[in-house]
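Per TrEMBL, these features apply:
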- Tyr52: active site, proton donor (ACT_SITE)
- His114: substrate binding site (BINDING)
- 19-293: domain 'NADP-dependent oxidoreductase' (DOMAIN)
- Lys81: site 'Lowers pKa of active site Tyr' (SITE)
Amino acid sequence: MASNNQFVTFNNGQEYPILGFGTWKSKPGEVEEAVKVAIDTGYRHFDCAMFYGNEKEIGDAINQKIDEGVVVREDLFITSKLWNIFHQPDIVESVLKKTLSDLQVEYLDLYLIHWPMAFKEGGLNDDFIPKDDDGATIEGNGSYIDTWKAMEELVENGLTKSIGVSNFNKRQIQEILDVATVKPVNNQVECHPYLTQKKLKEFCDEHDIILTAYSPLGSPDNPWKKPEDPTLLEDPKIIEIADKYNKTSAQILIKYQIQRGIMVIPKSVTKSRIESNFEVWDFELEQEDIDQIGTFDCNGRFVHMKGNMHFKDYPFIDEY
């Protein structure tokens, strides 16, 4: 079944759909139907992670659509991520194989180190966020440099076509590049008009690394959202631009990233929104509107790892 989309090309030659479907915060019981709707709508790029706790249902949805003849595995581009308690090199492959089992596929198209920090080392049956008696997250001794070398072996063994990182800043990416024999193709980070990641994008462009924007709509269902936090979808300046093109605010925010050459992974479990978010191929934002949206940057993050995970003293740096 044909699907509208545009593609980016990774530094290893692999092509990837620029618009994908996010699954963070999609609850078991909802995500299976959402993924089936997304495939029927035309999405072929699916962003997953073991930490999200829903890969088995995503796999069920994918396999149902394959069985129905709607898609074949080769039509799909599936991303997943290595969680923070699994940074020790000797466990990386077995963790990926668990993800493959849950997703019911033989390989991934892209596998990312989810965050640069390591938590206390654990196994597949351990708590994903280990805490001490005070409720603070217990840090680990793992090095993402060592983890990266294990990630490279996954490519060599045919378990994933490409590897990359997520939530890495310039310094951390450079440390990977300094030792890599397989370069990261992708860095997935929070990105939207309040956090355009301009400097990080420039650095990644210099090294032929594609950015992916998560929370591109401002993460309106963020469980840590405070009442006083702004709502990006309701920003009057975004609404004004949306009215100009007779589009929704979400469509404008998605198209903004696409025209910047950034992969974008909006999430929804609502059929009408899943479909609407994919209807972005019949218009182009004028450069003056792209420039105006770029002025909304205020280093405004909706996802704060340090606050969300309750670290006692972790040197997590909000730098590019």
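Every residue gets a Cβ built from N, Cα and C, even glycine.
Unlike curated entries, TrEMBL annotations are predicted automatically.
Long-range C-beta contacts of Lys81 (site 'Lowers pKa of active site Tyr'), restricted to its own chain and to partners at least six residues apart, with a cutoff below 8 Å, comprise Cys48, Ala49, Met50, Phe51, Tyr111, Leu112, Ile113, His114, Ser166. Computed over the domain 'NADP-dependent oxidoreductase' (19-293), the whole-number mean pLDDT of the model equals 95.
Counting every protein chain shown, 20 other Cβ atoms lie within 10 Å of the Cβ of Tyr52 (active site, proton donor).
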